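Taken straight from TrEMBL:
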| type | residues | note |
| --- | --- | --- |
| REGION | 1-37 | region 'Disordered' |
| COMPBIAS | 7-17 | compositional bias 'Basic and acidic residues' |
| DOMAIN | 105-278 | domain 'CRAL-TRIO' |
| REGION | 299-337 | region 'Disordered' |
Amino acid sequence: MASNPHMELDPTYDHYDYPTTSPENKPGHPGHTTKEQDAAVHQLRMLLEKDGLKKNLDTLTLLRFLRARKFDVPLSKKMFEDCEKWRSTFGGGVDNLTRTFVYKEKPQIQAYYPQYYHKTDREGRPIYIESMGKIDLTAMRKITTDERMLQNLVVEYEKLADPRLPACSRKVGSLLETCCTIFDMKGVGLMKAPEVYGYLQSASGVSQNYYPERLGKLYIINAPWGFSSVFSVVKRFLDPVTVAKIHVLGSSYQKELFGQVPKENLPKALGGECSCPGGCELSDEGPWRDPQWTKPAAWEKDEIPATESHTGEGMPAGNGNGHGEQQVLDGQKAPAY
């Protein structure tokens, strides 16, 4: 278990094999907590244990939920319990979904909606990229379902938590808990705008409600004319802390973006210098693929047999929309993000 002289770790729940001190010297971040904040962690864990919860009670996780609710223990408790309830039911259970989900239609979907992790920013955090200009819901729904697209989003969040962030933390030598996200809006015109903006609202719901404190910075590049006005509506669904991390840029984004992302780590399609064999969008290149830094994820250790719904069977022959989860790209707020 990793040691942390600046933060009290719980031997029952805290079994980290990567650094646990945050590089951000801010109250509430691991390694920089006050005595009152440490007490809040203990109180929250005790209340959750009293209610019969035993999973995900490690210190780093509880601190993320506490920061998301300004260290208000009752509000943090409700957020955590809502998250655990969602995790137990979404996709048959998020833990099992992560082990068994196979997104075999990914190469086809990437042609219409590239979504991928690719290398790291200047702080060593994973870079997550989405290109929205090619979105074609009609074509995508002939390949997969809205349900599976949302499941893939959740599985990728789980893999961000482990193994991507731990690998990046080992390489940098300090705890990294967030990623650098780039949304490329090039090609998003008025006809596609409702689909794209609806998805942003859905995705933000998943992140904000169930994966708190994971967003480091978000760059929205090639933002079309009028986007700022529409984004002012979307912001109503976001926490003010999240809004402060968002940078809306037009077509002249390179200078500001390169200040955060090295050119050699950014795909050529976005103005960078990287050209991975087979395409950056399918490479999943980063420290998490380097044996020097990566280790098997915790969710890989207990294998559960795959089920038909998880492994990708039953995909639509035609337009079959997914059922069982709220649709991800229809402009409605998702049950999770």
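Numbers here mean position along the shown chain, with the first residue as 1.
A Cβ is built for glycine as well, from the same backbone N, Cα and C atoms used for every other residue.
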Task: Secondary structure tally of the region 'Disordered' (1-37) (DSSP, helix then strand then coil) - done: 3 helix, 0 strand, 34 coil
- [ ] Note the mean pLDDT of the domain 'CRAL-TRIO' (105-278), expressed as a whole number.
- [x] 89
